[in-house]
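K.L.:
Starting off with a structure, shown below.
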Amino acid sequence: MAMYTSIMLMTLASLALPIFATLVNPNKTHSYPNYVKTTMMYAFITSLIPTTLYIFSNQETTIWSWHWMMTQTLDLTLSFKLDYFSMMFIPIALFITWSIMEFSLWYMSSDPNINQFFKYLLIFLITMLILITANNLFQLFIGWEGVGIMSFLLISWWHARTDANTAAIQAVLYNRIGDIGLILAMVWFLLHYNSWDFQQMLALNPHPSPLPLMGLLLAAVGKSAQFGLHPWLPSAMEGPTPVSALLHSSTMVVAGVFLLIRFHPLMENDTLTQNLTLCLGAITTLFMAMCALTQNDIKKIVAFSTSSQLGLMMITIGINQPYLAFLHICTHAFFKAMLFICSGSIIHNLNNEQDIRKMGGLFKTMPLTSTSLIIGNLALTGIPFLTGFYSKDLIIEATSTSYTNAWALSITLIATSLTSAYSTRTILLTLTGQPRFPTLTNINENNPALLNPIKRLTTASMITGFLITNNIPPTSLPQPTMPLHLKLLALYMTALGFIITLDLTLMTNKLKVKTPPQTFKFSNMLGYFPTIAHRMIPHQNLLMSQNLALLLLDSMWLEKSMPKMISQTHITASTTVTAQKSMIKLYFLSFLIPLALALLLMV
């Protein structure tokens with residue numbers, strides 16, 4: 001045990017060496033990106049040793065290394081929890097980051113600040129590993145906020161673009177809403193448990209009130225872009241493609257789901273939280289699959305598929321299967337990173353063209369990228385014996401045999417069919433048919449920095465599902481039994497999506513352009529959610545503020561107090577003055593007549 005903990009700590013510490021190197025020698029060197037990439041490769045190879053030892057020993061451990069601060073009721077320590085989740089996730093995160101960094105050497109080669117870009121990617125990974133290995137809420141919160149800050153810096157990397165800056169601010173604002181829930185949960189645990197250590201919280205009261213669990217759920221909804229707080233995820237595609245690949249595969253977006261997995265022992269007996277998680281995940285997976293079906297931006301299609309798969313993970317947590325949700329996190333990371341790298345390869349070769357309607361015929365000009373894109377999409381749909389099959393098929397089986405909610409099952413099956421539909425649409429429009437891009441486009445996929453990551457991730461997308469499922473520690477749950485037609489239900493829905501999409505694509509190839517129906521607009525406009533939240537509500541607030549300012553400032557203050565008040569004062573004075581007609585003789589005469597009459601009466 002001491003051996004594999006020491007090796008794992010050494011692996012994590014080695015990741016900080018490139019950052020310290022920039023502090024010692026801040027001068028820009030051309031070899032720094034290669035140095036970071038090589039460090040990542042060695043860290044991955046080293047991390048395989050403790051992971052292998054853990055799989056054979058199945059003994060988790062906690063490392064208490066440093067007491068940071070003590071108060072009367074709270075002891076804050078730096079401690080690492082090396083259990084099944086962290087030991088399995090660390091090599092996966094390192095492998096994917098290594099591949100993405102090698103891809104970045106090709107994709108970002110012309111960027112003048114490539115050294116800083118690699119440094120940001122490395123810090124992004126380190127903060128995620130801090131979150132994964134945290135043994136207390138304080139350390140988890142540091143990693144939680146770290147991935148949020150780094151996502152802001154990386155999404156807005158091309159800060160000369162207005163859309164990139166807007167997308168980065170949008171990501172931060174939506175994550176702030178989720179952070180409120182995490183902070184409320186931390187305050188509640190501190191007040192009621194006087195501790196932020198996971199072991200003590202579970203030992204003191206495994207059945208807390210729903211309030212902190214609602215806070216944790218809100219945090220997960222914000223970070224993992226569930227329905228309601230989802231618009232930031234497709235907007236984050238404004239960042240460079242390596243950022244999108246790292247953000248969506250093994251770092252920020254899975255942090256919310258991982259938070260619920262880590263706190264699942266507190267949630268498993270709370271039916272309200274479980275049902276909310278289940279229903280929210282079901283709505284998210286269906287809505288995002290619907291949105292992906294009508295998008296034309298290749299990166300946004302992959303982004304919506306990520307959000308749909310995150311909804312599937314939430315469904316799994318909602319039916320009390322945290323290990324299955326974690327398995328889907330691990331398998332999903334490989335083919336999602338590969339899909340983004342293949343998309344980046346196509347975009348880069350087509351001179352930054354992202355519209356799939358302007359592609360086509362790429363299978364002959366980019367054979368390796370095309371093959372990997374097909375394998376990645378097939379793994380995403382859950383085709384048997386690819387990586388995605390081992391987790392996605394199990395999730396649908398677990399949902400089918402769950403007594404919780406038949407409505408969630410039906411929505412999950414529809415979303416599964418839609419997943420195969422938009423994956424097939426992407427393959428057909430991007431790779432097949434006649435080329436629809438300019439003929440002078442120079443396509444070249446011979447760079448080793450592009451080919452090696454794609455080959456590695458393609459291989460991983462085919463075999464890692466089998467390897468991981470064979471190394472899950474045994475649980476006490478009985479093996480579910482089900483009829484054959486229920487066992488093949490997921491495959492039926494996937495095949496249905498393939499067939500419908502193929503038929504629709506062949507049928508619509510030669511149709512005239514018509515006005516799209518309202519259902520198409522609803523899906524294409526993302527359910528009008530961004531229009532209402534980002535346009536209509538701010539417009540109404542601005543209009544109301546303008547009217548209020550007009551009434552208070554212009555109409556009342558400026559007019560009533562200054563110009564109109566002066567004129568009104570002068571009008572009143574002039575009216576008083578002009579009421580006297582200057583008929584002094586008539587006035588004296590009218591005074592003398594009654595006086596004369598009085599004198600006559602007295603005589």
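The backbone N, Cα and C atoms fix where each Cβ goes, glycine too.
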K.L.:
Which stretch, out of 301-320, 541-560, is listed as transmembrane segment by Swiss-Prot?
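P.N.:
Within the set 301-320, 541-560, Swiss-Prot attaches transmembrane segment to 301-320.
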K.L.:
Six or more residues out from either end of the transmembrane segment (583-603), which same-chain residues have a Cβ under 8 Å from its Cβ atoms?
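P.N.:
Residues: none.
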K.L.:
Does the structure show the transmembrane segment (325-347) and the transmembrane segment (4-24) touching, where I'm treating 3 or more Cβ pairs under 8 angstroms (sequence separation 6 or more) as a contact?
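P.N.:
These two stretches do not touch.
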K.L.:
Using Cβ distances below 8 Å and needing 3 or more such pairs, separated by at least 6 in sequence, tell me whether the transmembrane segment (241-261) contacts the transmembrane segment (4-24).
P.N.:
no
K.L.:
What residues elsewhere in the chain lie close to the transmembrane segment (211-233), defined as a C-beta under 8 angstroms and at least 6 residues from its ends?
P.N.:
144, 148, 167, 170-171, 173-185, 188-189, 252-257, 259-260, 263, 266-267, 270, 273, 276-277, 280-281, 283-284, 287-288, 303-304, 306-307, 310-311, 313-314, 526, 529-530, 533-534
K.L.:
Where, among 4-24, 171-191, 272-292, do we find the most CB pairs under 8 A to the transmembrane segment (87-107)?
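P.N.:
It is 4-24 that shares the most Cβ pairs under 8 Å with the transmembrane segment (87-107).
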